[in-house]
């Protein structure tokens, strides 16, 4: 307890000795948000709910684009166990329940189409996410602000999801999936950055787990919603997820607070202090007393402006973002690929997806423990090695017909992939300053999506060699996770706002380590 209070003591004394000197915004934020209040929690939940609806759009095709079950009508030429329905007359068989609109496959008559056409909606969704990641990353961090970007992203995603109800063929549906992918490509980025910039260093590991938990709850709720509407049209599932998402985006617009760090960086000190007052009403008096000691706007405007291109021009930034993207590519393959490949283990699809979602919940308890007890690098490295080994062993157990053990190992691999993503998301926030943090986080999620885009093709390998895709995902997670050894350690460090501050602190840390 004494150690946690020690850093505040000299700062307080220094402020008392010279109350006329400028005070850094980082010190003001850290002190005013040193306690975690109920208003902070409500703001985190409000923003974090965007990830709930985002996760539903990511995994919704598991149910809407599934191959429906069918039965024979003419048993003289049809056998459910051996017959290929593409080689017998349409009158000899029918979909279970006699309902053609249960799935995209049945409604658009894709049962005998190529695998490319059947997987086109999922593929265009990921392509849209990749294109959106590139295009939206070009928007400067200082243009609209964290809150406005999150609102536009969530609202566009929900509006397009509702429009899918009007799609009449696979091409229109695939185009709308592309638009959804484009719109939601940076939803997680905007939400994570907005939350992390409104919290102190002390509470960051725990607070940033809230939106991730809500992401998983979205995944879990999707399984429940899909089960409840399993006898209705697949389009109903889009309405059940998109309409609440649209309502939530309106709540974001009216009730979510902007990032105080971003406001300060834009020279809007008055607005930044007002946000801090609303987040932490108990420290209103302290904030009013120190607001006049912040650097004025004209001083802030003298600092250099940065954009995403600087992540590739500045040597240390390029090195970090490259390493992060390599690690996230491997984690993305496992995180998105394992739920797709689980059908090769021959378990109930509703049960398997629900269990995969439930397995994620403990990760939000484990992740803060790892962040508080161990270094960032070692946590990422060991987690990736364990997760990769689980994936490879899952493949081996499947070859020997040990279905239950293989499924348990699949859950273990998915568990580690989720922890890895949690760790890297917080790690990246600490690796880059406020002026490029949005852009850097976009690159992280871009690598995650590119890894996910490879999954449908890799998962299809399991149809020829049972569960081979698990071995591929396992080797990717372990092998690419080794690059964590090349990243600098950031445990216990506060966030920087400019590139200059980041460089000065990194240099100071190098000097202290060499002494």
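Backbone N, Cα and C define each Cβ position, glycine as well.
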Per Swiss-Prot, which of 83-103, 104-124, 125-145 is transmembrane segment?
125-145
Please state whether Swiss-Prot assigns residue 146 and residue 342 to the same topological domain (same side of the membrane).
no
Which residue counts does DSSP give the topological domain 'Extracellular' (230-235) for helix, strand and coil?
2 helix, 0 strand, 4 coil
Grab the same-chain neighbours of the topological domain 'Cytoplasmic' (146-149) for me: Cβ-Cβ under 8 Å, and only residues 6 or more beyond its ends, written as numbers and ranges.
136, 139, 186, 190, 193-194, 197, 252, 256-259, 262, 438
What residues elsewhere in the chain lie close to the transmembrane segment (468-488), defined as a C-beta under 8 angstroms and at least 6 residues from its ends?
319-320, 323-324, 326-327, 329-331, 333-334, 337-338, 341, 344, 376-377, 380-381, 383-385, 387-395, 398, 409-410, 413, 416-417, 420, 427, 431, 451, 458-462, 506, 509
Would you confirm whether the transmembrane segment (351-371) and the transmembrane segment (178-195) meet the contact rule of 3 or more C-beta pairs below 8 angstroms, pairs 6 or more apart in sequence?
no
Would you list the other residues of this chain near ATP - those whose C-beta lies within 8 angstroms of the C-beta centroid of 195, 196, 197, 198, 199, 200, 201, 202 - in sequence order?
33, 203, 204, 207, 208, 495
Do the transmembrane segment (125-145) and the transmembrane segment (236-256) share at least 3 Cβ pairs closer than 8 Å, excluding pairs fewer than 6 residues apart in sequence?
no
Secondary structure of residue 196 (ATP binding site) (DSSP, helix/strand/coil):
helix
